[in-house]
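Down below is the structure, laid out as structure tokens.
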Amino acid sequence: MAFDPASLTFDANGLIPAVAQDHATGEVLMMAWMNAEAVARTLETGRVTYWSRSRQAFWVKGETSGHVQRLIELRIDCDRDCLLLLIEQEGPACHTNRRSCFYTALREGEERIVLDPMV
């Protein structure tokens, strides 16, 4: 069955959440937003493109940092309102220079940093 981007469910701002996961390890790396054009650009180029809500502009992951995300597979959830991007990540995914943006764990009511910045 051919993919129809119009079948995705975008929010009132025309956005859909996209979770990036390392295709080899299963590690969840980050969550960002995509609009229909970002999805199309990602599928066309193989380089993950998000929509920056703060800058109101396209954001090709790694364009300035060199920490590129290459799309291996795009998955769509059952409600078609969330995307899972199985990717190959070069370097850290997080702007804090950590492998994952999910570096803070809540353990016994306390926040704990569980990932150090990459060197």
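The backbone N, Cα and C atoms fix where each Cβ goes, and this holds for glycine too.
Straight from Swiss-Prot, the features:
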- ASP77, ASP79, ASP81: Mg(2+) binding site (BINDING)
- CYS78, CYS94, CYS101: Zn(2+) binding site (BINDING)
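Feature map: Swiss-Prot annotations on the structure.
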{"residue": "ASP77", "record": "Mg(2+) binding site", "CB count, 10 Å": "13"}
{"residue": "CYS78", "record": "Zn(2+) binding site", "CB count, 10 Å": "6"}
{"residue": "ASP79", "record": "Mg(2+) binding site", "CB count, 10 Å": "8"}
{"residue": "ASP81", "record": "Mg(2+) binding site", "CB count, 10 Å": "13"}
{"residue": "CYS94", "record": "Zn(2+) binding site", "CB count, 10 Å": "17"}
{"residue": "CYS101", "record": "Zn(2+) binding site", "CB count, 10 Å": "18"}
For the Mg(2+) site built from ASP77, ASP79, ASP81, further residues of that chain with CB within 8 A of the site's CB center: THR9, ILE76, CYS78, ARG80, CYS82
Cα separation, ASP81 (Mg(2+) binding site) to CYS94 (Zn(2+) binding site) (Å, whole number): 23
Between CYS101 (Zn(2+) binding site) and ASP81 (Mg(2+) binding site): CA-CA distance (Å): 21
Nearest-integer angstrom distance between the alpha carbons (Cα) of ASP79 (Mg(2+) binding site) and CYS101 (Zn(2+) binding site): 25
DSSP-derived structure type at ASP81 (Mg(2+) binding site), helix or strand or else coil: coil
